[in-house]
Amino acid sequence: MEDEEIEKKVIAYLKRKGFMQTELALQEELGRLSSSSHPDLPRTENGVARYHDGYSKLRSWAYSSLDLYKHELLRVLYPVFIHCFMDLVAAGHMQDARVFFRTFREDHDLMHLRDLQKLEGVLSPQHLEEMELARSLRHSKVNIKLCEYSYDLLLQYLQKTQALTMLGVINEHINFQVSPGQPTSISDDADVVSLIGSSQEIAKQINQKEIHWGLLEDSLEERSERTHSDSEKVEGENKEVDPEENKKRSVEGGKQGVPVKKLKKDKVVGTLGKNVRSETSTASMAPRVKAELTLPVMPAEAEQSILEDLRNRVQLSSLALPSVSFYTFVNTHNGLNCSAISHDGSLVAGGFSDSSLKVWDVSKIGQATKTFNMQGEGEAPQNEHLLGSDDGKRSYTLFQGHAGPVYSATFCPLGEFLLSSSSDSTIRLWSTKLNSNLVCYKGHNYPVWDVQFSPVGHYFASSSHDRTARVWSMDRIKPLRIMAGHLSDVDCIQWHPNCNYIATGSSDKTVRLWDVQSGECVRIFIGHRGMVLSLAMSPDGRYMASGDEDGTIMVWDLSSGRCVSPLMGHSSCVWTLAFSCEGTLLTSGSADCTVKLWDVTASMKPPRIDDNKTGGMSRLRLLKVLPTKSTPVYTLQFSRRNLLFAAGALNKC
């Protein structure tokens, strides 16, 4: 007690003399001393009450702050809350810790539900060391970004209230990154708090590695672009040579019954299409890189077919949105886990909980469903097909072989092979021509959540509950590479367009980019507040989109490893993402039964001064929402001609 009285008198003296910096330094030192011995602090009832009362007062002060700074100050509450709880647990005051946890957890349920559910299972001091999340939180600092004025407000509060317990927790577990100027916007919250400080430091080191995000040399897209530019030159020369002949043709077209308005409209659309192609074809401007993998030789017929698709590709933009073909699975009885669509949309696959894999031929579905009572789910521009209608005949091809629920399926680029992954920890390769299983790949130790063919076929990648991702080739039964580093399940996986990298999304709320050749992690993307469920790469390979269980989509720059733009709008899990072929649009499908179209070009532009004043929301441009009646969207995929395919299971609530 004598020491406390002396401390109070010294602080009162410094305050009276106006030595603010000295007073603050003394308080920080006292807080550091108290926090270093904090396991002994709550041994008395008075010590336990300090945590409850101190946090309660800090919470009331933060919520009553000015609106301009409130969202920044509220960021401090969550780390203080969990560390107060864990300090009480470490001191053996389990009952008081439970009361504290139940009293204040509602404030944080919305943003940190999964972490709180894990921490709720901490029932003894031993659990703090056994649980990976609790251990990482206790042995590292939280990085929080605040503007200078918000930081000063927080220091003044701690100084005036003599909240030594809270000051000790903050000093020990929080690292403030103070920036001059105005407070950051609320939409940037995901990028300003990182709960695992050590991971943040590791990410900074890893993200300094050089990556080559360009496209492969002499790719089919590059050949198509060259052909298109050559044809445009020829057209330009023809127009210059004989303008009178073109004029006569247009007059003859008008005489033959084609309305003049339609001719004008076609001319405008044609001009718009050319402008869009020259301005927004990001792939043509991307740098070229060499392949690190040995690429398979593509058959000449398949190559010609793909080039034909690329020549006839519809150019999309914010003014020219895609047509959508939606495949709805009916009568699934909640058994559908995943779906896949071939690149040309001719085949649709579904993976089921009864360990079966079913494949529908779309051309046969159209004929069979003419006699069915079709109930449209979408709007007028959306074509729909029902899969699984019971007419007494099997309208699909049944693939059986897995010994557990099928969680993922993917078609190879040419559609002749199909991969599926299951809870039985295996991956199976199927032939869509022979309708049989060709290979069973074993290597994972636990359920395989996702599997994806590479853009060139032959190679594929998988992700699993065993916290690893693996790269395989069709002709080898063992994996070529094993990528380990995630702290929890690897839920989704995606190839980079140049096949030199793969991206993985995890339940640890991070996304990682891996070098396929070396197996090393070259980027860590931190910012999501929930498990990452979906990934997509832009066609030029520069950007990546990731969607999480909270409905947030984040667009990342692979070069810098930073978030370019968060996209808010979904109210539930984002299960699938897809970029349009020229990279101007991003589509997202969600458990909230909607497909959303986003203007990616607007989101990736550098912010203007006006954007900063409005919180940057004008950059996050949602173009259109396509709702279904009651069908969560499982799969989205653009065909090579830019038709958007979607699939989901009708949910009869």
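Cβ from N, Cα, C; glycine included.
Owing to the predicted nature of the structure, the values given are computational and were not obtained by experimental measurement.
Here TrEMBL flags 46-174 as domain 'TFIID subunit TAF5 NTD2'. Across the residues of the domain 'TFIID subunit TAF5 NTD2' (46-174), the predicted structure has a mean pLDDT of 85.
According to TrEMBL, the feature compositional bias 'Basic and acidic residues' maps to 222-252.
Residues or ranges marked as region 'Disordered' by TrEMBL: 222-257.
As annotated by TrEMBL, repeat 'WD' applies to 329-363 (among others). Across the range of the repeat 'WD' (329-363), the DSSP-based residue counts are 2 helix, 19 strand, 14 coil.
Taken from TrEMBL, the feature repeat 'WD' covers 399-431 (among others).
Away from its own ends, the repeat 'WD' (441-482) comes close to residues 293, 295-296, 298, 404, 407-414, 417, 419-429, 488-495, 497, 499, 502, 504, 506, 514, 516, 519 of its chain (Cβ-Cβ under 8 Å, at least six residues beyond either end). As annotated by TrEMBL, repeat 'WD' applies to 441-482 (among others).
With DSSP classes pooled into helix, strand and coil, the tally for the repeat 'WD' (483-524) is 0 helix, 24 strand, 18 coil. Taken from TrEMBL, the feature repeat 'WD' applies to 483-524 (among others).
DSSP labels the residues of the repeat 'WD' (525-566) in these numbers: 0 helix, 23 strand, 19 coil. For 525-566 (among others), the entry in TrEMBL reads repeat 'WD'.
Annotation source TrEMBL lists repeat 'WD' at 567-600 (among others). Taking DSSP states H, G and I as helix and E and B as strand, the repeat 'WD' (567-600) has 1 helix, 19 strand, 14 coil.
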By Cβ distance under 8 Å, which residues at least 6 away from the ends of the repeat 'WD' (567-600) in the same chain are close to it?
187, 276-277, 280-283, 313, 315-318, 321-322, 324, 533-540, 543, 545-555, 620-638, 640, 642, 644, 646, 648, 651
Please report, as numbers and ranges, the same-chain residues at least 6 past the borders of the repeat 'WD' (399-431) whose CB is under 8 Å from any CB of it.
302, 337-344, 346-347, 349-359, 437-442, 444-453, 455-457, 460, 462, 464, 472, 474
Kindly report the helix/strand/coil residue split of the domain 'TFIID subunit TAF5 NTD2' (46-174) according to DSSP, in that order.
104 helix, 7 strand, 18 coil
